[in-house]
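Q: Below are the features listed in TrEMBL for this protein:
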| type | residues | note |
| --- | --- | --- |
| DOMAIN | 38-363 | domain 'Acyltransferase 3' |
| TRANSMEM | 6-23 | transmembrane segment |
| TRANSMEM | 44-62 | transmembrane segment |
| TRANSMEM | 74-95 | transmembrane segment |
| TRANSMEM | 116-140 | transmembrane segment |
| TRANSMEM | 176-201 | transmembrane segment |
| TRANSMEM | 230-248 | transmembrane segment |
| TRANSMEM | 260-277 | transmembrane segment |
| TRANSMEM | 283-303 | transmembrane segment |
| TRANSMEM | 315-334 | transmembrane segment |
| TRANSMEM | 346-368 | transmembrane segment |
């Protein structure tokens, strides 16, 4: 069997969906109401395709020691196309919120508290696993100065914006999380731009929010250099938020021709381009995303309860699958043994750990992500206390 055959991907996806069905029947939680159910259904598949992307990378890494794109457009685009669509989802959802809020003041503290509550808890879990696995791999012995190690821990905790350093002498620390944290600085940079984007979309300007976020943007860009081509993905999502209001577009997107066109547009970049990060590929994917946001369900697939259930655990799956791959190949099987695997044996291992990836992601979402998101208002109130105290101090200055 070829290492880049599509059959293992289909088999692993079937296993993942079967695991989701088992978990869905086991639990009693209802899926939340959503205006964009097609996007909810899309996200889970994107996260799972990223897992398959890194599973393929691991096969070749074990053979030649090089962590690089697999020699297959299918498996390369499983990762790159998924990331492009993830960025479009982010751009779409926040542009939609800003458009919906036109004419009313935006509580920016609530916006950023919700982002912290959404992103930080599961990220801290992934970082705890990363630190634990680093020390497991290095025999629980300190191999660099504590001050240097502490600085590297801080770099990772800051969503790897400053850097993704090797820790405690373990070369290739990023492999533990499959390098997925590289996308998070882009997400945060986009969030910091929201007050300015809001003004462009007709929201009332907030001088305080704009001043604070300008400072955050300056700090991020001082520590990190983005690939600005990827900004087009957020733009594509934002433009889609404007375009989906068209009822004509909604009717076409939900039609059979609309679904056929959407499917063709999703597949086309993988046929035409070696990378999804080229401008023309981004444009094509942007058109596909526009149709999905407008209601194209890929013939009902994206609106199925099972697809939306998988979508609930997207972020945890994105963060945690790398740790499970690392544990499987480095600690349990052993690199030398895994290196000798045939393509069939490698993909059988991936199929075996697929339920573990889904279950771990589900547990992380249910017991870490979801409770944290429900407490975002409490976090906003907590973060607002110092600002409220400063306002009161300004109104009642101490006589000197």
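Numbers here mean position along the shown chain, with the first residue as 1.
Cβ coordinates are placed from backbone N, Cα and C, and glycine is handled just like the others.
Looking at the shown structure, what environment does each listed feature sit in?
A: If one looks beyond the transmembrane segment (6-23) by at least 6 residues along the same chain, the residues whose Cβ comes under 8 Å of a Cβ in the stretch are 45, 48, 52, 55, 74-75, 78, 306, 309-310, 347, 350-351, 354-355, 357-359, 362.
Sequence-distant contacts of the transmembrane segment (44-62) (same chain, six or more residues past either end, CB-CB distance under 8 Å): 3-4, 9, 12-13, 16, 68-72, 75-76, 78-83, 85-86, 175, 178, 180, 307-315, 317-318, 321-322, 325, 329, 335, 338-339, 341, 343, 346-347, 350, 354, 357, 361.
Panel annotation: around the transmembrane segment (74-95), residues 4, 6, 9, 36, 39, 42-43, 46-47, 49-50, 52-54, 56-57, 183, 186-187, 190-191, 194, 197, 201, 230, 233-238, 240-242, 266, 269-270, 274-277, 281-282, 285-286, 289, 293 of the same chain, lying at least six beyond its termini, place a Cβ under 8 Å from a Cβ of the stretch.
Within the chain, the transmembrane segment (176-201) has long-range Cβ neighbours (under 8 A, six or more residues past its boundaries) at 50, 54, 57, 67, 83, 86-87, 90-91, 94-95, 98-99, 101-102, 106, 108, 111-112, 115, 119, 123, 126, 129-130, 133-134, 156, 159-161, 164, 209-210, 213, 216-217, 220-221, 224, 226, 230, 234, 238, 318-319, 321-323, 325-326.
Sequence-remote contacts of a segment are chain residues at least 6 beyond its ends whose Cβ falls under 8 Å from one of its Cβ atoms, and for the transmembrane segment (346-368) they are 1, 3, 8, 11-12, 15-16, 19-20, 23, 27, 29, 47, 51-52, 55, 58-59, 62, 121-122, 125, 310, 312-313, 315-317, 319-321, 324-325, 328-329, 333, 338.
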Q: Given pairs 6 or more apart, does the transmembrane segment (315-334) have at least three Cβ pairs under 8 Å with the transmembrane segment (116-140)?
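A: These two segments touch.
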Q: So which of 116-140, 260-277, 283-303 is most in touch with the transmembrane segment (230-248), counting Cβ pairs under 8 Å?
A: 283-303
Q: Across the domain 'Acyltransferase 3' (38-363), what does the mean pLDDT come to, as a whole number?
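A: The average pLDDT of the model in the domain 'Acyltransferase 3' (38-363) works out to 97.
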